[in-house]
Amino acid sequence: MTASRTPTTAEELRGAGLRVTAARVALLEAVRDGDHLGAEAIATEVRGRVGHISVQAVYEGLHALTAAGLIRRLEPPGSPALYEGRVGDNHHHLVCRSCGAVADVDCAVGHAPCLTASDDRGFAVDEAEVIYWGLCPACSTARST
């Protein structure tokens, strides 16, 4: 019996049809090591790993990784785009109205789409994006004191 192993970042990039570069490896690892990061925070992290990288290169890399399905882009209304490494499952997000903190929450249904439109107007719906809004525990506590 052969032991299964986790593919390396470079192997994942190749498997997604992307050219392997130090910047792409650093981008993918930064997103996966972070927690719902914006492009600026990702750029800072990548610069710490590989040196200089332009903001344009960061955005182009994030676009390529998102299009390849290796990362996910989240766009809470009123906030800049955030990126996460959790892909391939049907999960949703909790967003704090006060501080903007974001947390993953598993879907109660499990499969996508977990919501059914009252009238799909002929669309072949395959996904529903759910964002729950409220106050995180820290902001709830601060508000009540």
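Cβ atoms are placed via backbone N, Cα and C, with glycine included.
For reference, TrEMBL has these:
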type    : residues                     : note
BINDING : Cys96, Cys99, Cys136, Cys139 : Zn(2+) binding site
**Complete:** For the binding-site residues Cys99, Cys139, the largest set of other C-beta atoms within 10 Å encircles the C-beta of Cys139
**Request:** Measuring CB to CB from Cys96 (Zn(2+) binding site), give everything in the same chain under 8 Å that is also at least six residues away in sequence.
**Result:** Val102, Gly134, Leu135, Cys136, Cys139
**Asked** Taking the Cβ of Cys136 (Zn(2+) binding site) as centre, how many other Cβ atoms lie within 10 Å?
**Response** 18
